[in-house]
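Annotated in TrEMBL:
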SIGNAL    1-20  signal peptide
DOMAIN    36-366  domain 'Glycoside hydrolase 35 catalytic'
ACT_SITE  GLU183  active site, proton donor
ACT_SITE  GLU263  active site, nucleophile
DOMAIN    413-524  domain 'Beta-galactosidase 1-like first all-beta'
DOMAIN    550-608  domain 'Beta-galactosidase galactose-binding'
Amino acid sequence: LMGLPGLALLLAVGLLHTQASPSAHSFQLDYEHDCFRKDGSPFRYISGSIHYARVPRPAWKDRLLKMYMSGLSAVQVYVPWNYHETLPGVYDFTGNRDVEAFLDLTAELGLLVILRPGPYICAEWEMGGLPAWLLWKPDIILRSSDPAYLAAVDSWLRILLPKIKPHLYQHGGNIISVQVENEYGSYYACDYGYLQHLLGSFRALLGSEVLLFTTDSTRAEELRCGTLQGLYATVDFGPGANMTEAFGAQRRVEPKGPLVNSEYYTGWLDYWGEAHASTSTAWVAQGLEDMLQLGANINMQVVSWQRAQPAGEYMFHGGTNFAYWSGADYKDQYKPVTTSYDYDAPLSEAGDPSEKLFAIRTVISKFQPLPVGPMPPATPKYAYGWVALRKYADLLDVLDVLCPSGPIQSQFPLTFEAIKQVHGFVVYHTQLPRDVPDPATLGAPPHSICDRGYVMLQKEYQGTLERDGQTTLHVTGRAGDTLDVLLENMGRISFGANTSDFKGLLGNLSLNSSPLSNWLIYPLAIDTAVQQGWPHTALPKSSSGGRVGPAFYTGTFETPGIAWDTFVKFPGWSKGLLWINGFNLGRYWPCRGPQQTLFVPGSVLHADRPNNITVLELEGAPLNPLLLFLDQPLFNRTLGRST
């Protein structure tokens, strides 16, 4: 499934393969008694999903402790390949990306781990966790036996899995099982050679004792393509499913062994422009109780009920799609995921226990003892109030800072991948080839605006072109007038057949059907500049007073000596991104909704000095550019989380 943050209760009712004399540390399948065996004794886990990449490192311990105090015995954890291998051969396991430190914390708190290292994870994460640089080879066939793809996978696994091996339960760690790939049965390729290759790599790098498993929906076709001899087959489904039928589907591929629901959907994600999703607490709790009565092993996650084909990871705690990490779905049209990955999960985006969490905790208490002690409280929030910003500069006036290497010349537009731009923005610049006294149609071929294009003529904003939306504008001008299109990548598709989601201008723009040529292409490194202190450390610019079109706004605010979590609202703003103290908090888009506020973790704030705010507004700022800091989130313009 896709990665969703909700209750990812891993239902595992089986035992590991029984051996004559289990070692002191063993986790095995017992096919005879249909259960797992941990250190030789029957074992059933109740697990919840958490994505460390969506939670700031200073909050890891708080979230994990709340999961432990909810009665969970394990957590399920994805490893996003693209979060760690940012460019080919360039690895980052520091700070928020220190997966081993996260695993150490889980062990310290007494939680077992079900690890899902991919290489594909879905998770509504950018490109399902696959690195966009794979698309630098445009004809690559992802998630298949394509030699180019396998070479990249092998190189990555040789870096990742040796880090994981010491954390395996058999080696004194707390990882009891490892998933291979993710819902592969839902992918069109159905390439058994690929799964066999992964099985060989995982065994070679992790050893012969670790329990390896797959997860797929209960559909027969998906179980046929997603399972393989040597990998224990588990299923996923939500509270609305007929459990007898659902586990019957698992039994058709695994006649013996524990019953496991690897993704029990406790909530669902939000898409921009759709209603805020919520899932009934009573429904989730009853479904969980029914599964536990069957003796199943469960992982709780968040998922969508509406989708024709499940595609998500289901979360106990969802967190936030900071920066550019949110993915997208494609169901008849491109559907980008919101910045908030709250998921209506038992633990909110800010890590607060919900009514759903306490209902789940009550259910769990009927089957096993709860840890002694109180549930840790919600994190403190603070409403820092109104903060005034000022316009710093129009984006087109600071290209020298944002693209210090200068533009790339090309007869026709090039994709992000062709110029090795992974995330963010690219400016495409050309000139009108002739006078256009009467309104002419500036247009793009179908599906070639990926994903939004902000059009400026003579540096004046004309409007926006959008994937699966408006793809034409009417313009007038003179020969030689400058035409600039700022292209925004809204997140690569994370589920389905079309994960090769190229970005930028995929086809040529035309004027009254006559193709435009002679482009200058500027890949923008906005985050690099902002992280280095720009524009706060730069000399003031004399910017135009205009409020429309892509522009940067800056401001500062001080806290009353505390750095608590907060939520920022954008009254009158259109769409853009927010940085505080150089940290990219993600996209805001209040006019499209449902999300109206961005979560600001207290860990990014300074308690003892001014906090620098940078906003990139893409379409139009309010006449009086203000931000409002609140102590609770807004969805659908309604205070609080849905219940």
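Glycine too: its Cβ is placed from the backbone N, Cα and C atoms.
Automated prediction, rather than curation, is the source of TrEMBL annotations.
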Cα-to-Cα gap, the residue listed as 'active site, proton donor' vs the residue listed as 'active site, nucleophile', nearest whole Å: 11
Candidates GLU183, GLU263: member of the active-site residues with the richest Cβ shell (10 Å): GLU263
Residue distribution over DSSP helix, strand and coil in the domain 'Beta-galactosidase 1-like first all-beta' (413-524): 3 helix, 56 strand, 53 coil
DSSP-derived helix, strand and coil totals, residue by residue, for the domain 'Beta-galactosidase galactose-binding' (550-608): 3 helix, 28 strand, 28 coil
Integer mean pLDDT for the domain 'Beta-galactosidase 1-like first all-beta' (413-524): 96
